[in-house]
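The structure under discussion appears below in the form of structure tokens.
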RNA sequence: GGCACCGUGGCGGAGUGGCUACGCAGCGGCCUGCAAAGCCGUGUACACCGGUUCGAUUCCGGUCGGUGCCUCCA
């Protein structure tokens, strides 16, 4: 079990992972609001935290990964009205699509995927505690959090409360005692078709309280790692942290991890920017292997470029690993190659640096190619952390059909007759049928042309 | 304007106070009938200007440029 360091947004420094209970790690990663289908950018945190979990497990930790879905929200109400369906039907449908789309990544599911609607008791209880402590106040059915009550407010996102822009008031802002305050609970409004009863009135939760409640319920206060996209640092995570601090007198999480944005032409991919590629389309186009390699090509905190070039480069990487896989056999790898495998894992232990880790994986690959056929143990171990061990298994799809094999034999006869023109003609015909001919010491073989 | 971060060779992208990752593409070579794949070799890269230092791409200050957040956003 290596010592693992991760960058903590709150302190801005690398922090050693020190589980409350030795060997056990809880991770809470903020998931999407389900009001439409997710795009490739939304998949980055899903991938980052799924792979982090794999790495920690590889290191011997018992990991619980929680990733919530927000299924009650203004956007959902609005989208449901537009589409003429109930908000709960829409949320259920989009939640199902979210799970289906992320299943395309073949990384398994998080251990828990809580919903707002099924966590209402915990949410209401947490708000009640904040009210009891006077860290929140009710106003005409709304409940607001007293931001200035939390002396450490702003410490996660490094903002000074006194310098923060005052939120521009919507029609109900006058209910706030301080413009910085934010809603824990919103009184039900016309057009909203879901609501819950509470001592302070009928309504539904604000955005931030759900995560404080669900994370605590499933992982306990003070759990190890809280993650999400860097665009959630403020206000979402700042507010989550403040709520739990004021209700429990303890920090919600030990380490706050934030992944960088996926960029399209140098700009964040986001629904609000309108430059999105749906995840299921990206998987169809790039392939899940290529997509994972693309994500791993950059450090998780840095932006990732999603472009023709980076997609092609990721595809080339996938081909290279598959190519090496053809040479390997199942079994232990040479001891002297372990240094690359160890360096790979060391890089991951140092703020989960997948880009640096990959460099060591490539070194292992080059050495294996040079030796021509060694045991696959190390490579399989590295790829497993990245969710790519499948690259070592026989390529999917059927093998060459009878017609292709007949052509290959004919080509072999042509070659023996030194009829190069005919041999090349047949090779072209095979290429057209999707097969690359590769002449080797043991004769020719057919390799399926990669997409 | 405030906060956070970034500017690395054709592209992507790590990293480090001195020993110049890694991948893709290109070029040369080996292998091959020719290819393919693989291997070997190949690029005076670290935005600009000052400062600290024996020495800075790496530390400090400034300039310019970019990104994210400051409102829903992974």
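Heads up, the Cβ atoms here are built off N, Cα and C, so glycines get one too.
In TrEMBL, annotation is done automatically, which means it is predicted and not curated.
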Motif ''HIGH' region' according to TrEMBL, located in which of A:21-31, A:32-42, A:43-53:
A:32-42
From A:211, A:246, grab the residue that TrEMBL records in the same Zn(2+) site as A:30, A:236, A:240.
A:211
Checking feature assignment: motif ''KMSKS' region' per TrEMBL, candidates A:268-272, A:273-277, A:278-282, A:283-287. Which range matches?
A:268-272
Secondary structure at residue A:240 (Zn(2+) binding site) (DSSP, helix/strand/coil)?
helix
Have a look around residue A:240 (Zn(2+) binding site) and count the other CB atoms within 10 A of its CB, chains all included.
27
Which residues, in sequence order, are found in the same chain with Cβ within 8 Å of the centroid defined by the Cβ atoms of A:30, A:211, A:236, A:240 at the Zn(2+) site, excluding those residues themselves?
A:207, A:208, A:210, A:212, A:226, A:228, A:232, A:237, A:239
Of all the binding-site residues here, A:30, A:211, which one's CB has the most other CB atoms within 10 A?
A:211
With the cut-off set at 10 Å between Cβ atoms, which of these binding-site residues ends up with the most neighbours? Options: A:236, A:271.
A:236
Whole-number Å distance between the CA of residue A:30 (Zn(2+) binding site) and the CA of residue A:271 (ATP binding site)?
17
